[in-house]
Amino acid sequence: MFVAIENTPLRYDWGAHGALSYYLGEDGVLVEPESGQAVEAPIQAEVWLGGHYGSPSRIVHPEQVGGARDLAEWIERDPETALGRYAQGIRNGDPSRLPFLLKVLAAGSPLSLQVHPSLEEAREGFAAEEAAGIPRRAPNRNYRDPFHKPELIVALSPEMSAVAGFRDFAEVKQLVSHISARVGAEFAAFADRVCTLETSHQLGELVAWVLEGSPEALAATVAMDAWLQAEDDCYELERANLSRIREAFPEDPGALTTLLTNHILLRRGESLYVRSGTIHAYLEGVGLEIMAASDNVLRGGLTTKHVDVPELLRVLDCTPMAPPLLRPEEIAPGYVILRGEAPDFRLHRVTGVGVTGAEIEISVNGPGIALCLGERATLRGGTGASTELRRGDAVYVTGDERSLKICADDLVIAAAAVGAEIPLPL
């Protein structure tokens with residue numbers, strides 16, 4: 001069964017005016033309430049496609065699924081039909097839930113400097129906040145559910161900038177030394193600490209010193225502006241990213257933390273994978289994001305939302321890493337899969353298939369969500385059901401379809417990665 005879904009974009013202050021409408025149109029999954037007034041294109045931050053209670057996708061034709069208005073309600077009423085093999089969860093003790101969440105995200109300004117917890121950390125944090133009586137939708141809530149949130153993002157815009165993971169210590173020292181030679185003495189308090197950086201433990205202490213916002217850290221942050229405002233042919237990407245951050249958050253020392261991280265520029269179609277514990281922030285651009293279905297975010301700065309530095313430091317992985325870019329697995333011409341090690345999700349992408357009438361067949365091995373990013377796509381399921389999508393249309397695919405025959409110039413399908421090729425930890 002193919003169930004058409006839609007949703008209204010969330011309007012966080014880091015969003016971009018009309019950016020989601022540009023990529024998805026306004027006649028499909030993306031629904032903007034009519035204001036009755038001629039106004040500037042609204043801020044659009046992200047649109048969720050999934051069953052998470054934070055913003056469950058609405059069902060376009062409720063009569064198709066017994067009257068349920070959204071995916072969360074349908075899953076609660078009839079998990080066997082909605083979820084199929086996932087009705088009992090993908091891990092022992094899981095409730096009936098869709099294990100993945102698909103989003104389209106538009107960053108007009110930097111998102112928060114953030115980390116996501118592991119599954120064990122999420123369970124512990126959720127239980128503690130439940131016991132403390134903090135409402136799940138409270139702005140000061142860290143753990144809104146007991147699940148981890150690894151994620152991957154694919155750039156849809158021509159470019160998408162981000163920081164992710166701590167970079168090699170030698171590279172950090174080289175960058176900070178370069179800046180130190182071009183700014184005032186106030187930067188030395190930070191630069192001196194970087195010079196002695198040798199271990200992950202020391203890195204954690206340095207991050208704590210910065211994010212806790214001491215006067216010295218704030219002074220070093222402001223001192224860095226002299227470098228950003230001067231001419232310099234080196235570190236072009238870092239300078240562009242830091243200028244964007246400093247403009248958006250002039251009083252936030254989190255900008256210093258990004259000197260310790262990998263600066264990444266994704267071209268359209270490129271992707272990165274963010275594991276639990278990895279510090280990251282998306283800075284500008286539009287991307288397609290798939291993740292384990294969770295809304296657990298621990299923020300350290302660069303945001304107007306709730307910040308909890310001690311909790312972020314508790315789950316932070318301070319191990320230096322290469323930029324966490326993710327290469328697609330080419331299964332067949334025009335068909336790739338993107339996935340990390342988490343069994344909760346993977347992303348199928350079909351491009352340029354069907355121009356001559358040919359089809360490609362893929363196995364989703366459970367329920368999925370299909371989103372048309374091109375001009376049109378045709379899907380035929382294993383039960384004989386079929387649907388045609390245009391740009392921005394999305395459908396929920398029930399697990400009884402099992403395999404899909406597809407013609408599409410650009411279609412993505414979100415699904416779980418549970419299967420024989422990926423052992424599932426219980």
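For all residues, glycine too, the Cβ spot is worked out from N, Cα and C.
Curation plays no part in TrEMBL annotations; they are all automatic predictions.
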Additional site residue, HIS263, HIS280, HIS306 [criterion: listed by TrEMBL with GLN114, HIS116, GLU151 for Zn(2+)]:
HIS280
Whole-number mean of pLDDT values that fall within the domain 'Phosphomannose isomerase type I catalytic' (7-167)
94
Counting across all protein chains, other CB atoms within 10 angstroms of the CB of GLU151 (Zn(2+) binding site) number 25
For the Zn(2+) site given as GLN114, HIS116, GLU151, HIS280, which other residues of the same chain have their Cβ within 8 Å of the site's Cβ centre?
VAL115, LYS149, VAL274, THR278, VAL297
Return only the integer: C-alpha distance in Å from GLU151 (Zn(2+) binding site) to ARG299 (active site).
16
Please report the three-state DSSP label of HIS280 (Zn(2+) binding site).
strand
Select the closest residue to ARG299 (active site) from the following binding-site residues, measuring between CA atoms: GLN114, HIS116, HIS280.
GLN114
